[in-house]
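Single-structure report; data block below.
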Amino acid sequence: MKIAIVGTGYVGLVSGACFSEMGVDVTCVDIDSEKIERLKKGIIPIYEPGLKNIVVRNYEADRLHFSTDLPAILNDMEIVFIAVGTPSGKDGTADLSYVMTVANTIAEHMSKPLLIVTKSTVPVGTSYRIRDLVRKRLDERGLTDLRFDVASNPEFLKEGAAVNDFMSPDRVIVGVESEEAKNLMTKLYRPFVLNNFRVIFMDILSSEMTKYASNAMLATRISFMNDIANLCERVGADVNMVRRGMGSDSRIGRSFLYPGCGYGGSCFPKDIRALIKVAEDAGYEMNVLKAVEEVNNRQKDILFQKFKHHFNGKMEGRTAAVWGLSFKPETDDMREAPSLTLIRSLREAGVSVRVYDPAAMQEARYYLNDSIYYATDIYDAANGADALIVPTEWKEFRLPNWSILKKIMNNHVVIDGRNIYNMEELASYGFAYSGIGQ
Ligand SMILES: NC(=O)c1ccc[n+]([C@@H]2O[C@H](COP(=O)([O-])OP(=O)(O)OC[C@H]3O[C@@H](n4cnc5c(N)ncnc54)[C@H](O)[C@@H]3O)[C@@H](O)[C@H]2O)c1
Ligand SMILES: O=c1ccn([C@@H]2O[C@H](COP(=O)(O)OP(=O)(O)O[C@H]3O[C@H](CO)[C@@H](O)[C@H](O)[C@H]3O)[C@@H](O)[C@H]2O)c(=O)[nH]1
């Protein structure tokens, strides 16, 4: 089976590598020629555990190919996936220009039957827009009898766990409108079914909606817990115990109940905005999601507010150490990361900032340039600092040597954005501690 995946980012590269691992012949296509050349040399553009191995292994086995030339390979393919970005456009609407450009290229060059699958996260109805555009172009080219299908196959992988999520999905969602498309997608996902993973077929509109609704539900849990945490802090309850108590109810479950300094990343923030906008366009107001977004924006400011509170508003001339810059551990992605909100506020208040992240240092220079000090490790970052602030819970931050930190820090304050430390333990070393909801 031969497939192409257009867009070789987090989703395109991981999906392409994982399908090739299942024996499918995959060509990953991107317009970024430098990225494609580097991939051919085994240089992976993103930090994603386990990805390099399967990319290199399948490239060397000649099952995974890289190209910048979609027209040249298009007519060898049975399926083409569109996996380009859908960033927030004006008013939060999903910007579909990359998706529609790819659809247009397909329409201009296809001369054999094809299944076009949308893997990017797209507003309800987008696959039909693609179908209509392709049909129109084919008709204009005189190819009125050329058959093609569209399908929707949204992706649910998480960054930092992408390979595992793709290979062992909770479910695969496929939206189709023809038996032929269903048969082809069944064939492609047969290895997953053999491994007992569920493939759920439905209509295209429901498939597109399932993706947004899932992200919206997860983001809602997070904002809800952040609200609960902030209330716990005011009334003296322990949010860590409340979370454990709530999560033990099988109807609620344990995951995605961790309060923190807000959700970031390339998906939740933009997808919540896009779903609010889709609803608006349909004449409906998503009141819950508007509140989810509002709570999250406020939560992203919480570490700065705690820092300000601790120093009674006198921040100018102080130094803050920031551990963790990526929007979550095990990735170098800093899109909409809470660390950015924190660092920008600290800089505006005249605070010197010393940062360290195990994977995102290069990415940080792109976002924050020379305004901060880039440390070589956690202790270098903490050297001379008045406070240690942790927006991202990388594993290597969990058990630092507090005695060393006590010696090298100027003031002994820890502001914990992910509740990974214990207040009593830190007090025993002479640190003042503030976490989320505590
Ligand atoms: N990042 C995630 O964890 C994740 C998970 C699930 C779904 N998604 C969704 O998947 C989509 C892709 O996200 P991503 O994070 O992989 O994006 P990304 O920005 O990492 O990658 C997109 C890639 O598409 C390429 N591209 C743009 N226009 C192109 C064109 N005309 N032809 C070929 N390549 C082109 C870009 O050069 C880039 O390499 C989005 O809709 C996103 O919401 C992302
Ligand atoms: O209990 C939790 C869980 C997560 N987060 C934060 O939420 C954000 C997103 O985390 P996560 O969902 O793990 O990472 P993403 O890679 O953004 O993955 C989400 O977005 C993807 C893109 O749509 C989807 O495919 C995934 O299913 C969905 O989990 C991060 O800032 C986390 O720190 C919390 O604050 N508390």
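Every residue, even glycine, has its Cβ placed from backbone N, Cα and C.
TrEMBL lists Asp30, Lys35, Thr86, Glu159, Lys270, Arg335 as NAD(+)-binding residues, and of the candidates Thr105, Thr118, Thr121, Thr186 the one it assigns to that same site is Thr121. Residues Phe156, Leu157, Lys158, Glu159, Phe256, Leu257, Tyr258, Pro259, Gly260, Gly264, Lys328 are given by TrEMBL as substrate binders; from Lys90, Lys112, Lys211, Lys395, that same site also lists Lys211.
Per DSSP, the domain 'UDP-glucose/GDP-mannose dehydrogenase C-terminal' (321-423) is made up of 38 helix, 18 strand, 47 coil. Sequence-distant neighbours of Glu159 (NAD(+) binding site): residues of the same chain at least 6 apart with a C-beta under 8 Å from its C-beta are Tyr10, Glu48, Gly265, Ser266, Lys328, Glu330, Thr331, Asp333. Taking every pair among Phe156, Leu157, Lys158, Glu159, Lys211, Phe256, Leu257, Tyr258, Pro259, Gly260, Gly264, Lys328, the residues listed as contacting substrate, the largest Cα to Cα separation comes to 24 Å.
Checked against Gly264 (substrate binding site) by C-alpha proximity, the binding-site residues Lys35, Thr86, Thr121, Lys270, Arg335 yield Arg335 as the nearest. Fewest Cβ neighbours within 10 Å among the binding-site residues Pro259, Gly264: this applies to Gly264.
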